[in-house]
Amino acid sequence: MEGGPDLQLQQLPLATAAVSVLPHEDPYSYKENLIGALLAIFGHLVISIALNLQKYSHIRLAGSRDPRAYFRTKTWWCGLFFLLLGELGVFSSYAFAPLSLIVPLSAVSVIASAIIGIIFIKEKWKPKDFLRRYVLSFVGCGLAVVGTYLLITFGPNSHEMMTGDNITKHLVSWPFLLYMLVEIILFCLLLYFYKRKNANYIVVILLLVALLGSMTVVTVKAIAGMIVVSIQGSLQLGYPIFYIMLVCMVATAVFQARFLTQASQLYDSSQIASIGYILSTATAITAGATFYLDFTGEDVLHICMFALGCLIAFLGVFLITRNKKKSIPFEPYISMDAMPGMQNVHDKGIAVQPDLKASFSYGALENNDSMAEIYTPATLPIVQEEHGSKGVSALPYRVLEHSKKE
């Protein structure tokens, strides 16, 4: 009888602790999710504005006779300031919201870049041409906005204090160790095929970037969380795990930049943006689910709606980047009419010039009304002579008259 009250008093804290770990019960966790999501959206929006400002600075210098370097212009420094401000906002967002919620919100930067490119476009288009050219961008922006809304609404709601002890426990947990084993094996295989077998496929390069990026975001969240906890009063900078995460963050970010530079030299930027976003988001969500256990305690409905939001955002980013116009690089060629013994006119009356769409290949230039006048084949004067004497030989080839319409 004497142990009864003691037994009940010992069970009350356990029951209270069990209730506190249930998801979607604490309104403060929703507030933290909202703060993190708003910081991420603000950061990606400011980063897009910064990059466009720096690009505008380069374009102005290239189109003028200004001998100054780009880093001596106020526009470029203004873009750099906004870039640092945006990166600070994204970095801070990882300390408030789960990793799996923050990473997909990078689609905001793609949406902002598309809108800025349309607003500040300098060419004048007819309404019909404008809709035909940018209809995919509008549809992609709408899908990306819908996907972002679903991500914020149905995102994971797991929160914990980012202390050194908690991060160390996550680092040696068996789900993350298994994930790291699989990632290291996959990374080594891709690196072998990329370096030894010359498999310079865009999926291979960007998958290497995505695998490194998954570790980068894991370390960024750990560092940002420990800094916030230290500011709140519990100093965490004395733990060795903080400096281990810092070294891993810098190393993975540097190697990411190297692989991205190699990819940008081989493929178009729109392909890199769409495929890189999809692969990086998928691997980062997987890393967050295994390291921080983001989806622990979530119901099936929230997980399915979150996955649907990711798919819609993927489709939106793909449509936005697919609509970007690809630039045709200039390729030198040898004028065919400069070669002795070559005819200047085909049987169809089209001048012989290289095909701009192929790589160092020769062929007839396609009829394109949007081409400049310098690419229009010159009209050759044809002089018909009457040969009265039989001793004069005929022309070595036949010349056909063609109308201007042909």
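Start at 1 and count along the chain as shown; that gives each residue its number.
Glycine too: its Cβ is placed from the backbone N, Cα and C atoms.
Remember, TrEMBL labels are computer predictions, not curated facts.
Over in TrEMBL, the protein carries these features:
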- 34-54: transmembrane segment (TRANSMEM)
- 75-95: transmembrane segment (TRANSMEM)
- 101-121: transmembrane segment (TRANSMEM)
- 133-152: transmembrane segment (TRANSMEM)
- 172-194: transmembrane segment (TRANSMEM)
- 201-229: transmembrane segment (TRANSMEM)
- 241-260: transmembrane segment (TRANSMEM)
- 272-293: transmembrane segment (TRANSMEM)
- 299-320: transmembrane segment (TRANSMEM)
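Residues 100, 104, 107, 110-111, 114, 136-137, 139-151, 153-156, 273-274, 277-278, 281-282, 285 of the same chain lie 6+ residues outside the transmembrane segment (299-320) yet bring a C-beta within less than 8 angstroms of a C-beta in it. If you look at the transmembrane segment (172-194) against the transmembrane segment (75-95), you find fewer than three C-beta pairs under 8 angstroms, all six or more positions apart, and that falls short of contact. Counting Cβ pairs under 8 Å that are 6 or more residues apart, the transmembrane segment (272-293) and the transmembrane segment (101-121) reach 3 or more and are in contact. Between the transmembrane segment (101-121) and the transmembrane segment (34-54) there are at least 3 Cβ pairs closer than 8 Å, counting only pairs 6 or more residues apart in sequence, which means the two stretches are in contact.
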